Amino acid sequence: MDPQNYSLVSEFVLHGLCTSRHLQNFFFIFFFGIYVAIILGNLLILVTVISDPCLHSSPMYFLLGNLAFLDMWLASFATPKMIRDFLSDQKFISFGGCMAQIFFLHFTGGAEMVLLVSMAYDRYVAICKPLHYMTLMSWQTCIRLVLASWVVGFVHSVSQVAFTVNLPYCGPNEVDSFFCDLPLVIKLACMDTYVLGIIMISDSGLLSLSCFLLLLISYTVILLTIRQRAAGSTSKALSTCSAHIMVVTLFFGPCIFIYVRPFSRFSVDKLLSVFYTIFTPLLNPIIYTLRNEEMKAAMKKLQNRRVTFQ
């Protein structure tokens, strides 16, 4: 096809999660409540870590605060529009808005993957090399780990959007999801996207898979170390690691399943997208607060300080 004959697409149509009006009304209430819980829960973690000197100076909680910040962004790149679209029959998104969703998804998603690896490294040092913990996890090291997560996320996102935004979109503009998912968008281009699919595998797929393998190795070493110690002295470490493993599984599982096979699409992919974009940011505040005595104690102090101030 002659490039000059392209009728450029200025907007895309999102299919959303379902077509049933009754289900959409239910989903509006359901996901609105979840989104509010995500923002308030992660904001509570962030404020608690910042306001408590003991938590703020701890590498583990410093990284946790950054994770909470990323989770708020990860849940916000598409969820507010999805909630609004439940009340609309036509779910349109501009071309620029679509590219912005792709950018922020891969920016926050890539940064969170690297940050989860950093948190696993922190637990590895704390459990396997406790005598060297403050040396290996110094304040400078924590800053570098957080900066590395943001840099990797940004570079990864720019590399994804750079080739997507310049593709010729001339005809079909319907995306079978509740947000602009990269594998679905590039298939709408008026050209053979096989090579682009390979590039996506080598970028998104390899980033997800390599981070997951690093996490798997880290937690395997940690669990083996815990097993060799007395049960009473390792219950806290085991509880912390099990919480991390739960988050890692729920976040990386759907990502790997979707992005390592861009040439095929299953109906379950839409449900899996909900898991890593909405449910994981919701579970993080629950796992890291309700199962953490130090966080709960810091929240009580924050509440008492607020009552005293009033």
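Cβ coordinates are placed from backbone N, Cα and C, and glycine is handled just like the others.
Where the annotation comes from TrEMBL, it is an automatic prediction and has not been curated.
As recorded in TrEMBL:
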- 26-49: transmembrane segment (TRANSMEM)
- 41-288: domain 'G-protein coupled receptors family 1 profile' (DOMAIN)
- 61-79: transmembrane segment (TRANSMEM)
- 99-121: transmembrane segment (TRANSMEM)
- 142-163: transmembrane segment (TRANSMEM)
- 206-226: transmembrane segment (TRANSMEM)
- 238-259: transmembrane segment (TRANSMEM)
- 271-290: transmembrane segment (TRANSMEM)
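Here the transmembrane segment (142-163) does not touch the transmembrane segment (238-259). Their Cβ atoms form fewer than 3 pairs under 8 Å, with each pair 6 or more residues apart.
Listed as Cβ neighbours of the transmembrane segment (61-79) (distance under 8 Å, sequence separation of 6 or more from its ends, same chain) are residues 31, 35, 38-39, 42-43, 45-46, 49-50, 55, 100-101, 104-105, 108-109, 111-112, 115-116, 118-119, 122, 142, 145-146, 149, 178-180, 277-278, 280-282, 284-285, 288, 294-295. For the domain 'G-protein coupled receptors family 1 profile' (41-288), the predicted model reports an average pLDDT of 85.
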